[in-house]
Amino acid sequence: MPAGGFSVSAPSGVEFEAKITPIVIISCIMAATGGLMFGYDVGISGGVTSMDDFLGKFFPAVLRKKLEDKESNYCKYDNQPLQLFTSSLYLAGLTATFFASYTTRRLGRRLTMLVAGVFFIVGVIFNGAAQNLAMLIVGRILLGCGVGFANQAVPLFLSEIAPTRIRGGLNILFQLNVTIGILFANLVNYGTSKIHPWGWRLSLSLAGIPAALLTLGALFVTDTPNSLIERGRLDEGKAVLKRIRGTDNVEPEFNEIVEASRVAQEVKHPFRNLLQRRNRPQLVIAVLLQIFQQFTGINAIMFYAPVLFNTLGFKSDASLYSAVITGAVNVLSTLVSVYSVDRVGRRMLLLEAGVQMFLSQVAIAIVLGIKVTDHSDNLGHGWAIMVVVMVCTFVSSFAWSWGPLGWLIPSETFPLETRSAGQSVTVCVNLLFTFVIAQAFLSMLCHLKYAIFVFFSAWVLVMSLFVLFFLPETKNVPIEEMTERVWKQHWFWKRYMDDDNHHIVNGKLTGASV
């Protein structure tokens, strides 16, 4: 099926003419600021929840447990309302993504990003001015709505506007901005932790910077040719296609997109169509990638990095400083993915990272099992450095693999008629399991103690086996040729690609029932 607006190829497999134009680069950078906002939200909560001023105002019971020596090191932060502060964002995002699917399809990618920016700005105002827990949670819910809309629209926008040969690298700009947002949040927390008693307000309020960038970006970027053509604005879509391709020779590609749009319009129930047999490989892979991404344990570490390091006996400043280090590693390692994803391929990055993540988490579990008891004073300088190094090793491998590729692969494998619905399911599943991990991690840490890293490493082993046997390579394959060149060639998924599974009846596309 034709792609969403990036360098589509002729049926013969010859790429259509397309230059890497400044408008493509600028539009992608501006759109990817949605990732900056998402990353800041992920990173800021862990640092804020480790600040005594914040805990004293909203979670005094947690502060008392933190200051008492009687409580187990692993259980000081085990508090459901505190976890709800972090996780409510993702539950709201899960709900919002269903509405975002409609706006992305009917109103366009650009307008959906604008709606996300407005939600972010209002949520920041509520959080920065919060006087009670209710205001705090409302602010997080509004931020979650922004996350739902941004995560729906931005990856689609990036996949549809980028030329095929750099599609992976440009799409990973979203994930790169997520990591920059996390680093920015850790740096802010490190500075505001010394400002009493309102430093936490500054941390939460500075989220307004990426929120404003996303909103301004959405005002100035152009919508994708696919989105415009899909909504019947053919002349405008053709003009935009010429601008982003840097050539007037766009007629073959334009015709491909128009035909794809015609087929997509005949699909009246995209979610129902998503369940049909021929779409099952893309759906299964998209869902499992989101589940696996969360069960690497990455969000547990990135949400609660300062809290985690505090638990291990680091002092407050040292825990925030260590979180900054892991944030910087996260950014630099994502750059590795931007460079290598279209060179070495998706599978190689995922498999290599699986080995690295497994070994580093097992090492962390062994150190904690030996050195951190319920009431030990601290980890010891040498062991503490080793834990930070192992956490950085884990974060780096995730950042060039499961982090960006968990979003990239689903966005480039769904055909146009199910792409919006497929992206909605992808975001929904991701946010559902992000919510589960965010809500459960501190309780799991209390009950499992060091074995929580054994739990996550076992998942890493399972997901690496899945990649080895079931995930096909999609490097440099135009989206409209995925069926012929990827799914029909795969040893397992080809059984779902029987041509008899879909055909035209009375001018309408039909499909086999599930």
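The backbone N, Cα and C atoms fix where each Cβ goes, glycine too.
Positions annotated as domain 'Major facilitator superfamily (MFS) profile' by TrEMBL: 27-475. Summarising the annotation, TrEMBL assigns transmembrane segment to 20-40, 82-99, 111-130, 136-158, 170-188, 200-221, 283-307, 319-341, 348-370, 382-403, 424-444, 450-471.
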Lying 6 or more residues past either end of the transmembrane segment (20-40) yet within Cβ distance under 8 Å of it, the residues of that chain are 113, 116, 120, 146-147, 150-151, 153-154, 157-158, 161-163, 166, 170, 173-185, 206-207, 210-211, 213-214, 216-218, 220-222, 243-246
*May I ask whether the transmembrane segment (283-307) has at least three C-beta pairs under 8 Å with the transmembrane segment (450-471), counting pairs 6 or more apart in sequence?*
yes
Sequence-distant residues near the transmembrane segment (382-403) by C-beta distance (under 8 Å, 6 or more away from its ends) are 175, 178-179, 289, 292-293, 296-298, 301-302, 305, 309, 312-314, 318, 322, 325-326, 329-334, 336-337, 340, 349-350, 352-354, 356-357, 359-361, 363-364, 367-368, 371, 463
Contact set of the transmembrane segment (170-188) with the rest of its chain, CB cutoff 8 A exclusive, min separation 6+ beyond the ends, reads 24, 28-29, 31-44, 47, 154-155, 158-159, 161-162, 202-203, 206, 210, 302, 305, 320, 323-324, 326-328, 330-331, 333-335, 337-338, 341, 399, 403-404, 407-408, 411-412
Could you check whether the transmembrane segment (200-221) packs against the transmembrane segment (283-307) - three or more CB pairs closer than 8 Å, residues at least 6 apart in sequence?
no
Under 8 Å Cβ-Cβ from the transmembrane segment (424-444), and at least six residues away from its ends along the same chain, one finds 77-80, 82-84, 86-87, 90-91, 93-94, 97-98, 100-101, 104, 144, 147-148, 151-152, 271, 274, 283, 286-287, 289-291, 293-295, 297, 299-300, 303-304, 307, 406-407, 410-411, 452, 455
For the transmembrane segment (136-158), the distant same-chain contacts (Cβ-Cβ under 8 Å, at least six residues beyond its ends) come to 4, 27-28, 31-32, 34-35, 37-38, 41, 58, 84-86, 88-97, 99-101, 103-104, 109-110, 112-113, 115-120, 122-128, 130, 170-171, 173-174, 204, 207, 211, 214, 221, 224, 407-408, 410-411, 419-420, 423-424, 427, 430-431
Mean pLDDT across the domain 'Major facilitator superfamily (MFS) profile' (27-475) comes out at 86
